[in-house]
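Visitor: Grabbed the feature section from TrEMBL, which reads as follows:
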- 89-379: domain 'Amino acid permease/ SLC12A' (DOMAIN)
- 90-109: transmembrane segment (TRANSMEM)
- 121-142: transmembrane segment (TRANSMEM)
- 163-184: transmembrane segment (TRANSMEM)
- 240-263: transmembrane segment (TRANSMEM)
- 270-289: transmembrane segment (TRANSMEM)
- 321-339: transmembrane segment (TRANSMEM)
- 351-373: transmembrane segment (TRANSMEM)
Amino acid sequence: MKTIEHPPIMDFYRNSVDVADGSGAVRPSMLQLIHGDKSIPEEIEIEGFKKQNDELVEGQIEKRPSRSHMEKFAPPPTQARVKFGWIQGVFVRCLLNIFGVMLYLRISWVAGQAGIGLGSMIVLLASLVTSITAISTCAICTNGDVKGGGAYFLISRSLGPEFGGSIGLIFSVANAVGAAMYIVGFAETVRDLLRESSLHIIDADMGLEGYLYWMQASIVRHSVGEYPMNICAGVSSARIFMAQILLETTCIVLMGIVFIGTAFESKMQIGLLVILVVSIIDYMVGSVFPPNESMIVRGATGYSLNTMFVNLWPSFRGEDFFSVFAVYFPAATGIMAGANISGDLADPQRAIPIGTLLAIGVTTVIYLATVWMTGSTCVRYGH
């Protein structure tokens with residue numbers, strides 16, 4: 001075992017004058033380091049030497065722009081991203097996504113087919129399914145830091161990115177199909193209201209709608225050799241195109257709202273929520289007033305114990321429990337609307353559980369109230 005260190009190398013410690021030839025070592029100048037072994041003549045004066053050094057230094061150093069120039073072309077400072085709380089970011093969004101055309105077009109149908117009792121079971125069963133999903137989502141949100149990505153991030157953190165990507169893609173397609181269903185329901189409802197009021201977008205008979213229909217019929221005639229079966233529909237064709245015009249216009253308006261940004265969309269949803277709340281209040285208050293003759297002909301009786309007892313039990317016509325449940329269930333979805341913007345929430349760990357569960361509770365109560373109010377004020381089969 002060696003215990004003595006190696007002696008230092010003496011070449012590192014000798015004097016600069018201690019060289020082999022005895023002539024003494026000379027430290028190279030800056031110009032010699034730059035230009036190699038070229039020696040500087042002794043006759044160059046000090047001022048000239050400084051001037052040469054200044055030229056070399058200026059040639060090697062890159063000129064920087066002035067501060068005013070940098071400030072002029074600097075990008076504008078970015079504003080802080082808008083963050084939402086649990087009311088505007090989760091609760092309101094979930095309400096708007098859960099409530100839809102089913103509330104206005106199919107709740108009365110559910111009460112008529114399944115009755116008040118079984119219809120209430122359908123509403124509670126759908127809410128139970130969505131509540132279990134919401135509780136699972138809340139467990140993931142409160143079990144760690146939640147970042148942007150919505151359902152993809154939540155599923156990827158628990159099941160892996162493979163499942164998160166595939167389920168997130170399916171979820172996106174489902175949202176697109178759901179939006180299309182809501183737009184179609186809105187367009188057809190507005191069309192029916194315009195027909196009842198004898199109002200038309202262009203012309204009742206032909207106009208632009210009929211012209212568009214004849215263009216379509218001509219294309220079909222040129223392609224398959226014969227006109228479509230409903231070529232003589234006339235007014236019906238115009239009504240179809242009236243619904244298409246309403247549908248496409250609504251779709252363009254909604255796409256414009258989405259493309260503007262999340263902040264503008266959040267402001268617009270407050271207006272939509274006000275319209276939704278006013279419509280629900282109008283329905284509840286209107287059910288208290290006695291029906292007029294036209295409403296009586298259509299089956300409205302006002303609040304009546306006899307009507308409620310008759311509609312208490314199911315009376316399926318061409319349907320069963322599962323088919324009615326399948327038609328109603330889309331009315332209970334939309335609970336992931338708040339979690340989908342997890343990156344825009346100020347405190348997603350707190351906002352997502354509170355907003356989602358509260359939205360499910362409020363919508364369930366309103367759906368149940370609608371089933372009972374409809375079953376207590378209308379007969380099943382009006383004229």
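Every residue gets a Cβ built from N, Cα and C, even glycine.
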Visitor: With the transmembrane segment (270-289) as the reference, find which of 90-109, 163-184, 321-339, 351-373 contributes the most Cβ pairs under 8 Å.
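Guide: When the Cβ pairs under 8 Å are tallied, 90-109 comes out ahead.
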Visitor: State the residues, same chain only, that lie 6 or more residues beyond the ends of the transmembrane segment (321-339) and have a CB under 8 A from a CB inside it; answer 'none' if no residue qualifies.
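Guide: Hits for the transmembrane segment (321-339): 86, 89-91, 93-94, 96-100, 102-103, 106-107, 109-110, 113-114, 118-119, 122-123, 125-127, 129-130, 133-134, 137, 141, 150-151, 154, 171, 178, 181, 314, 345, 348, 351-352, 355-356, 359-360, 363, 367.
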